[in-house]
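Scroll down for the structure; my scribbles are underneath it.
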């Protein structure tokens, strides 16, 4: 189920509820040079190896105009990760950390995210640098990097909203 | 189903496959000041209103040590978005764009991501700034911002890997 198979005594697994709150459709898969978890980089780098994001039908048309953006955010499904650890220990030792304080692939919803450089657009595929996942990892989303993106369409009232009220306290 | 109800003639909907490739569990919900899509900011801002990320059991223990990070990446499920558009037109007019060239909530897997500032840690909850979603949006993941994160544990061989080979071409 996972690259890290056994929880040690500092780690904690929970009885996770069934993952039935929403369903994902895989929109494609990532072709990368890495065939085992231990070979993968722990985080992608912008000068990393060229990888191909292959998009399945009926989604290829959703790539139209993507060349406008030189950096993209990619979400993928870490399909070999266990999902029930709330505390995890680094392999090299050290204090156990909460799963939400880690970017480990082991998490309740094992979604990885990378910021990648778009190198080329092919028919139904993208060549990118910056991935860090196993070859044939399923893709779930691609979108422009937030820093490069200006929303289209008219402004919303919330766009410039800052403090919730004069006290700075939540209003909900 | 969506804040944008009708596709105009420049938009394109597809017969989307059933979203049955993987299942999500909601780990909590976001409390925000926004009750309608038109009120939401189109993108969060670091000085935006204070919002609360409320974590469900059995996941609250996964928040341990999260105060180490002043910025977090939050993934949430845009539960009111349609999922079948591959081309979308800005409401104000303009060329239709591919869904993967937009950060619109309308996408095959309607996952939103924000980078938020962590303001305070409460019992089973986080106070943050930088969200942009409706009140009561389900949460699916929280992790440290990639720019602040140093992976724990020993290095992997791929960490420093750059070109795939001398030609710079993919090796898969």
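For all residues, glycine too, the Cβ spot is worked out from N, Cα and C.
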Matching range for TrEMBL feature annotation, region 'Disordered', among A:129-150, A:151-172: A:151-172
Over the domain 'TsaA-like' (A:24-154), what is the model's average pLDDT? 94
